[in-house]
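Chemist: Straight from Swiss-Prot, here's the annotation block:
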type: TRANSMEM; residues: 71-91; note: transmembrane segment
type: TRANSMEM; residues: 97-117; note: transmembrane segment
type: TRANSMEM; residues: 118-138; note: transmembrane segment
type: TRANSMEM; residues: 163-183; note: transmembrane segment
type: TRANSMEM; residues: 187-207; note: transmembrane segment
type: TRANSMEM; residues: 213-233; note: transmembrane segment
type: TRANSMEM; residues: 250-270; note: transmembrane segment
type: MOTIF; residues: 274-277; note: motif 'Di-lysine motif'
Amino acid sequence: MNQFRAPGGQNEMLAKAEDAAEDFFRKTRTYLPHIARLCLVSTFLEDGIRMYFQWDDQKQFMQESWSCGWFIATLFVIYNFFGQFIPVLMIMLRKKVLVACGILASIVILQTIAYHILWDLKFLARNIAVGGGLLLLLAETQEEKASLFAGVPTMGDSNKPKSYMLLAGRVLLIFMFMSLMHFEMSFMQVLEIVVGFALITLVSIGYKTKLSAIVLVIWLFGLNLWLNAWWTIPSDRFYRDFMKYDFFQTMSVIGGLLLVIAYGPGGVSVDDYKKRW
């Protein structure tokens with residue numbers, strides 16, 4: 001495993017940083033999963049509220065965009081409203097999480113088609129990243145089921161489905177980073193791309209996962225406050241809703257990263273491979 005070891009000085013700095021990350025995890029482990037879940041479902045909660053306050057506007061959009069008539073447009077808005085609020089409540093209460101995630105995934109797919117997001121690569125990347133967050137949420141429930149057999153000796157990775165779901169969720173989070181990139185040749189933009197890509201790659205392969213995810217959460221949160229400060233925009237400006245949408249979708253991905261911090265990268269990761277070998 002020498003290929004994963006840094007030189008002496010760097011190794012010492014990394015060890016200190018990892019110790020700090022572990023200390024953070026120990027202090028927050030009781031409430032971090034709850035914060036992670038709330039962040040992850042925040043985009044659905046915000047969108048459900050928006051559906052309620054823009055009920056007529058959403059129906060009109062569907063009728064004009066798809067020529068579907070009043071009845072189908074009303075069904076669309078009703079499903080988007082109740083299909084987000086109820087699953088969010090189920091997830092926060094830890095009730096039928098698999099069903100709740102399935103409903104939320106159907107909302108993501110439905111909105112991707114209904115709002116023509118398939119042809120907007122930036123918004124499509126965000127939706128895919130949110131799907132990755134839902135996979136991480138499902139993997140968390142697999143972790144809870146596996147814990148019923150705590151204390152029983154096992155060899156290797158005892159929960160393959162959970163490990164592959166964690167891997168898929170981490171990889172899909174890459175799409176959030178891609179949607180945030182601005183290809184401008186300024187020093188700060190190049191620095192953002194290099195640092196962000198390095199961090200998201202480390203999280204995806206599961207190397208120094210908790211440390212990388214903590215740094216990425218801080219980086220994404222700061223970037224989110226800078227790029228998507230929707231509360232500074234007057235309520236009569238149409239792009240306020242777009243900024244709010246971007247803000248809460250980024251918060252959902254941050255929630256996914258917090259789940260990675262809380263539960264680790266799983267069996268299909270460099271960190272786990274190092275432990276076993």
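Cβ atoms here come from the backbone N, Cα and C positions, even for glycine.
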Chemist: Would you call the transmembrane segment (97-117) and the transmembrane segment (71-91) in contact, using three or more Cβ pairs under 8 Å, pairs 6 or more apart in sequence?
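Modeler: They are in contact.
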Chemist: Can you tell me which parts of the same chain pack against the transmembrane segment (250-270), counting only residues 6+ beyond its ends and a CB-CB cutoff under 8 A?
Modeler: 4, 21, 25, 29, 32-33, 35-44, 126, 129-130, 132-133, 136-137, 139-140, 143, 156-157, 159-160, 162-167, 169-170, 173, 176, 180, 203, 205-207, 209-210, 213-214, 216-217, 220-221, 223-224, 228
Chemist: By Cβ distance under 8 Å, which residues at least 6 away from the ends of the transmembrane segment (163-183) in the same chain are close to it?
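Modeler: Here the qualifying positions are 121-123, 125-126, 128-129, 131-136, 138-139, 142, 157, 189, 192-193, 196-197, 200, 203-204, 206, 220, 223, 227, 249-250, 253, 256-257, 260, 263, 265-269, 272.
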Chemist: Within the motif 'Di-lysine motif' (274-277), what mean pLDDT does the predicted structure show?
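Modeler: Across the motif 'Di-lysine motif' (274-277), the average pLDDT comes out at 72.
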